[in-house]
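Just below is one structure, and these are the notes that go with it.
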């Protein structure tokens, strides 16, 4: 009897394991209610091929097409002056309209997720810039974080204040941001990025006067809407030289936000070119107790010491609270260099051209050495550098232009020339 019971229990265990494996294969380990959201609008992930059959969409090619469209829309190849020192405030609408569920699971959750990604991308592309957060709800605008250079502190503060209530006030948000940005030095670019969910604004005064104040102070205001187009938002962007766009879905919202991450072209009226005094502080020794000038409290170890007044600050880049000196580190300047000399946009190689010139085109990517051919040895999509004529896959194209900022083919030719000359 005991043996039979043991066999039954072992059999039940095997059946449970099989059921778990089936669940993971069918739903990826998701609950039933999670699969309902994951499978929603699943027909959008299909497309019709040449023979009339439905095939899954190649997400890799779609993402690469969106990336190249975003690159083409910006004058990245032209030698133009860009605003490398930016002071940006992000205004997040947390009114009652942000709780709408047309974006899954809600507008507020989608905005918070994409703002987090934008903050990290912003500091990656603008290491000398500073960012602050403002939220609007109950008709009042409140400053969540002041201008600073730490992405983690901004993200932590944002995730702790995700509550929707009341109406939105565009005027109060602009008045608050105007008060902070008018104190910014003249060499910095003053910008506001508003994520607006409401269809109206509840203002205490004349918003047109506030817009004119922002225009006179050279504050560039841009709006990304999550609902229908609103006249006052469009008028604000037109007057201040910003961009106004409406997000169609979550992926479109992310694409619109990332368009604001690269530094914009520097307009003479918006920022005055001048020499800027900067300090390169040293890292404080571990275990040393000192008073932080930005938080006004004692801290142990870490931080940086201002080279002029010897005050302690927690993060870089920033301005010393005591003497006002701009404090940066040498890697920040090095990472900003690629905006002044951008890499040339690679040209796409069509499958028809690659089939005709198959003998001249290598089978592997010059960067990652992965195969450039699709299954069945059919030519796939890839790009070529117009200077060194080396071929790269789509992933390397994105990595070179967004992270590396140097073409491996051009760099290899540059380093090989002295060796050839020496041999001759």
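Residue numbers in this text run from 1 along the chain shown.
Glycine too: its Cβ is placed from the backbone N, Cα and C atoms.
Annotations in TrEMBL come from automatic prediction, not curation.
Quantities reported herein were computed from a predicted structural model and do not represent experimental measurements.
Feature region 'Disordered', per TrEMBL, maps to range 1-31 of the set 1-31, 32-62. In TrEMBL, the zinc finger annotation falls on 306-323 of the listed ranges 252-269, 270-287, 288-305, 306-323. Proximity of distant same-chain residues to the zinc finger (306-323), defined by a Cβ-Cβ separation under 8 Å and at least 6 residues beyond the stretch ends, is recorded for 127-130, 148-150, 153, 279-282, 284, 290-295, 299, 329, 332.
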